[in-house]
Amino acid sequence: MAFSVVVLAAGKGTRMKSSLPKVLHKVGGVPMVQRIINTVRSLGADNIHLVYGHGGDQLKATVVEENLNWCLQAEQLGTGHAVQQAAPHINDDEDVLILVGDAPLIREDTLSALKAVKESCDLALLTVNLDDPTGMGRIIRENDNITAIVEHKDATEAQRAIKEINTGMMMMSGADLKRWLGELSNDNAQGEYYLTDVIAMAASEGKRIQSAQPQSAVEVEGVNNRLQLANLERALQNRQADELMTNGVTLLDPSRFDLRGTLQTGNDVIIDVNVIVEGDVTLGNNVEIGANCILRNCTIADNAVIEANSIIEEARVGEACTVGPYARLRPGAVMQKNAKVGNFVEMKKAVLGEGAKANHLTYLGDAEVGAKANIGAGTITCNYDGVNKSKTVIGENAFIGSNSSLVAPVNIGKGATVGAGSVITSTVDEAALAVARGKQRNIPNWPRPTKK
């Protein structure tokens, strides 16, 4: 049966103490509301209605989605009022799944289970059992059918002993939902329209009300402050670490690993402590990642070793390469098979050929380095004149002496040698030696300055 989703995302989130709408705060590097949208997309929803209010411009600038229906809740008058804003876009003959925008860890299989329950009843609720349900609305059942939700303050002692509580997430037919929304009243202490009132309406009509439950209570936990946000962040990281280790990745300390995107791994990958993975990252077989590294939108091929404290962003590291420690590969950096980048080397829009080496203290920008070339310590490609970027080409088997400056655009031929300390401004032919530095002058018996 066709189904639509209503995501409630209009709240300001006052306790977050932020200018950012609550649902745009990130968990695992992704805004909370975007995580929920991604989940229901994978579930196969026909339509998604996003109810927004506070920070609408920020939401629209961040959540760029096709086929997303934006429903403005100009005044925040309760959850029932929020769903009413989406009602004109809901069809009678479809089921409607209602979710909250600040519970980002809900799993696809949990929502699939809720959908399956709805197929055999009129109203399906997502409930959860808590060890301490104090302050929460209790689920009341009669012959296994849910008949009511009783708020904690109104519950009897027997009802307060019930551990099952309502999460606010539910599914019903469009026709039932719209009818019940039209009957909601704000005759309560808060003067708001509560979505949970539809449960009592359904029960009074003799509707069959059933429930599904998540694998873990953390799936339905919401965020109202920074502490809760941090707790959900850690819960997500623990979940992701468990999945990686189950799939064969060695995490030397799972509690000190952060995945803020997607990570594809081969066999026998080893990741040391304090590694952060952002965006889309792929690691081949037998890759080793040292401590304190940041990997962002990059690909690292089989048998590569990334030493500690290195940063790799939008770069490609070839098979059996070595990077670091303390190296930085910036966007457009490419290392081919068996290449090596050592400590305090930076690459940007540069290709380091097969077997080539830049072992220390080097900047390679807008450069192409041939196979088996050796780049000495302190070498700089001077690629920027203040307006334009220019390219440096270094041929295979070339040797660049330490502390050389290569002023682009410039070409160093195959097998050429550049003497240490040179400033190269023009082409160096194949197999030639280029030396371009000031002549040394020695002054005998030089009197050193003395302090007065």
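Glycine too: its Cβ is placed from the backbone N, Cα and C atoms.
The region 'Pyrophosphorylase' feature in Swiss-Prot is assigned to 1-226.
Note: GLY78 (UDP-N-acetyl-alpha-D-glucosamine binding site) has non-local neighbours ASN186, GLN190, GLU192, TYR193, TYR194, LEU195, i.e. same-chain residues 6+ apart with C-beta under 8 A of its own C-beta. What Swiss-Prot records for 8-11, LYS22, GLN73, 78-79, GLY137, GLU151, ASN166, ASN224, ARG330, LYS348, TYR363, ASN374 is UDP-N-acetyl-alpha-D-glucosamine binding site, and it gives sequence analysis as the kind of evidence.
According to Swiss-Prot, the feature Mg(2+) binding site maps to ASP102, ASN224, an assignment based on sequence analysis. Sequence-distant neighbours of ASN224 (Mg(2+) binding site) (same chain, 6+ residues apart, CB-CB distance under 8 A): GLY13, ARG15, MET16, LYS22, ASP102.
The region 'Linker' feature in Swiss-Prot is assigned to 227-247. The region 'Linker' (227-247): residue composition by secondary structure is 20 helix, 0 strand, 1 coil, according to DSSP.
Annotated region 'N-acetyltransferase' per Swiss-Prot: 248-452, in sequence order, evidence recorded as sequence analysis.
Look at Swiss-Prot and you will find ALA377, ASN383, TYR384, SER402, ALA420, ARG437 tagged as acetyl-CoA binding site, backed by sequence analysis. Cβ contacts within 10 Å of ALA377 (acetyl-CoA binding site), excluding its own Cβ and spanning all protein chains shown: 19.
Proximity of distant same-chain residues to the region 'Linker' (227-247), defined by a Cβ-Cβ separation under 8 Å and at least 6 residues beyond the stretch ends, is recorded for 16, 25, 27-28, 104-105, 218, 221, 254-255, 257-259, 263, 265. In terms of local Cβ density within 10 Å, LYS22 ranks first among the binding-site residues LYS22, ARG330. Neighbour density for ALA420 (acetyl-CoA binding site): within 10 A of its CB lie 15 other CB atoms from the protein chains shown. In the three-state DSSP reading, LYS22 (UDP-N-acetyl-alpha-D-glucosamine binding site) counts as helix.
Taking LEU8, ALA10, ARG330 as the binding-site residues under consideration, the smallest Cα distance to ALA420 (acetyl-CoA binding site) is found for ARG330.
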